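To keep things clear, I will list the structure first and then write my remarks on it.
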Amino acid sequence: MADSDEPEKKRSRVVEQTEKMVVDGGYGGTCEWQGRWNHVKKLLERAGPFTHPDFEPSTESLQFLLETCKILVIGAGGLGCELLKGLAFSGFCNIHVVDMDIIDVSNLNRQFLFRTKDVGRPKADVAADFINSRIPGCRVVPHFKKIQDLDEIFYKQFHIIVCGLDSVVARRWMNGMLLSLLVYKDGVLDPGSIIPLIDGGTEGFKGNARVILPGMSACIDCTLELYPPQINFPMCTIASMPRLPEHCIEYVRVLLWPKVRPFGDSVVLDGDDPEHIQWVHQRSLERAAEFNITGVTYRLTQGVVKRIIPAVASTNAVIAAACATEVFKIASSAFIPLNNYMVFNDVDGLYTYTFEAERKENCSACSQVPLDLFFSSSSKLQKVLDYLIESASLQMKSPAITTTIDGKNKTLYLQSVASIEQRTRPNLSKTLKELGLTEGQELAVADITTPQTMLFRLCFTS
Ligand SMILES: [Zn+2]
């Protein structure tokens, strides 16, 4: 009857092995099991052809990732979900995530930490709950907030910050925050004050990942010219020389709709109203026929009117993986980080290219020197304001300009508070001379693109 013992033994062996795989409970809260981090150890506990020249294999790097290293993920959307998953699986156990959005049903196809039942709840909270319950030992702390609502004391606590944002303004603000944390001693940057910023971005089938060492390598604002202004076509093209189906749709949206007002005087074009889109679609077809342009469809019409760039899950996955890898490389010091900008494109086949974005000597964000503004003393303040908004290297949104005249602070123009806007609006049509501004005058400009006030020096050209 010895044979009858066999199944029993087998069963107990299976139970034993299964118990080893139980992820929480039964292991005194350490949540570790045999071989759990083998995939990470292979990278940290032996040298290889791609390891950093100064790399010395050790078990300490892994302990640092698991216990000490503190990562901040900005954004819990398409990139954010991928980032949290990638970081948690790479051994990072101390992660905070900031996101101000709530979950919409349209997010569910790619933001895989969310389910139908979560619609309407904050992305940060749900993403953190999901990771924390799925990956034992990982502690994700959610912040259902705007990045602007957290202060420097908060940001200072992190070793590395990784951004998965869809807004250039938010990126620039984060960049400005990290630059403001830099400490200079006798003009020399204290490396201890640098918090590396890993930034990922995607737009349809295109994406980029970059590594920024604030104060050392090119910052977001150094390469601002790389961000095209929102898809806006030149008015002359729209009005008289359309070449693309989009130009025809823009013509109807920008010029024809306000002229014809097809649904009544006070009705603004609503991208979610099928009747509106239908009207724009028909008129765009007529316009396109006039210029022998093909390709105007209902879908494209809605896309252009609503400024939709479809989110592509695979692009997000690739870019987030690249960013998580860079976090791992920097945190472990085991590999040389990306230097410093990788572009990715999978529109047609697969293409990547890496280059070193260079620091801009007179970058308004990281150069530490007040920028010169060249204007004639007879220029109106409006012209200065337009320049701050339209200049490709500044691209401000709603700049507030103040200065000091005869030792007194004077607000020249401020848009964000209605009463002050009203009071300072007349200044816009005054000349710089009439406002009492002189050669070399310092102008302090505040804008939502940065937490810091920027200093400019006025230089008169005549
Ligand atoms: Zn810069």
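The backbone N, Cα and C atoms fix where each Cβ goes, and this holds for glycine too.
The active site, glycyl thioester intermediate annotation in TrEMBL covers Cys236. Among the features that TrEMBL reports, domain 'E2 binding' is placed at 373-461.
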Checklist entry - Can you tell me the three-state DSSP label for Cys236 (active site, glycyl thioester intermediate)? => result helix
Checklist entry - Just how many other Cβ atoms lie inside 10 Å of the Cβ on Cys236 (active site, glycyl thioester intermediate)? => result 8
Checklist entry - Under the DSSP assignment, what numbers of helix, strand and coil residues are found in the domain 'E2 binding' (373-461)? => result 22 helix, 29 strand, 38 coil
